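Below is one structure, written out as structure tokens, with a few remarks after it.
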Amino acid sequence: MNQKLIQQLEDICSARGVRLTPQRRTVYELIYENKKASSAYELLEQLKISEPKAKPPTVYRALDFLLEQGFIHRVESTNSFVSCCSFGEQKHYSHLLICDQCGNVVELQDDTLIALLNSNVDKHGFQFSNHVIESHGICKTCSSLEVEK
Ligand SMILES: [Zn+2]
Ligand SMILES: [Zn+2]
């Protein structure tokens, strides 16, 4: 695991007055290191390697914390989790590109898109709590592999 990244994470937590417990940290590391988006079940299985006593609530509590702090995102359509590409910002919205073949998830940040979404919900007098923007399809790597076949 990237020590600099963990240090950054710890600095943000101490600045916010929240605690990055070893379990929260481990769950974050697992999500960060998994190439694909991770489900809670997969995370539990991986966590059990270092913490045999880990139970589902352990993972769910860690996930809640990480989501709340903006360190990870939930991929709503597949109920799995990915690490955020710009975790210092507590509340931001991103556009996720999800490859249905290899499971790779890329996070895009587009302020124009978010401004448009905000103005659309405003027009309806709607108080939003969250935007979910997910595009499904086949990533560049997978589609180039297909051509070679
Ligand atoms: Zn993000
Ligand atoms: Zn792919």
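Every residue, even glycine, has its Cβ placed from backbone N, Cα and C.
The number of other CB atoms found within 10 A of the CB of His92 (Fe cation binding site), across every protein chain shown, is 16. Feature annotation from TrEMBL assigns Fe cation binding site to His92, His131.
The Zn(2+) binding site annotation in TrEMBL covers Cys99, Cys102, Cys139, Cys142. Around the Cβ of Cys139 (Zn(2+) binding site), the same chain contributes Leu97, Cys99, Gln101, Cys102, Asn104, Val106, each under 8 angstroms and 6 or more positions distant in sequence. According to DSSP, Cys139 (Zn(2+) binding site) is assigned to coil rather than to any helix or strand.
There are 19 other Cβ atoms within 10 Å of the Cβ belonging to Cys99 (Zn(2+) binding site). Under the DSSP three-state reduction, His92 (Fe cation binding site) is assigned to coil, being neither helix nor strand.
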